C-alpha cells in the first residue's frame, strides 16, 4: 500500500511542476521566448519521466515539433475550419508545423444546451 501512495504522490508533484513550468513560460514569453521554450522542454521531460499527461489547457499551447511556447498572433496562427469535420488549425510560425484539434464535443454541447431551453 505504501508503494501505491508513494507513486500517487510522485505523479501529483510532477503535475504540479508541469503546471508551474508552463505558467512560468507564459509569464516570461514576452521578454524571453527562448527561456519560455526551455521551460516547455523541462515540463515535457518531467512529464515523460513521471509518465503523466499534460493538462489539456497546456497541451495546446506548445508546438509538438520545435517545443516553442505558442502565443496566438505572435508566433502562432489560429484558424477555425468547417470542412469535413469542424476543427481548429494552429500553425507554428517558428517551424511551420500545423496542428489540428477537433471541436465536435463543444458543438454538440452547445446544441444540447440550446435544446434544453
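Yeah, the Cβs are placed from backbone N, Cα and C, and that goes for glycine too.
Just so it is clear, the model here is predicted, and its values are computed rather than measured.
Pulled from Swiss-Prot:
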type    : residues       : note
BINDING : 63, 66, 92, 95 : Zn(2+) binding site
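Residues 63, 66, 92, 95 make up the record's Zn(2+) site, and a Cβ search at 8 Å around their centroid adds 64, 65, 67, 68, 70, 94, 96, 97 from the same chain. Each of the binding-site residues 63, 66, 92 was scored by how many other Cβ atoms lie within 10 Å of its Cβ, and the smallest score goes to 66.
Residue 95 (Zn(2+) binding site): 13 other CB atoms within 10 A of its CB, across all protein chains.
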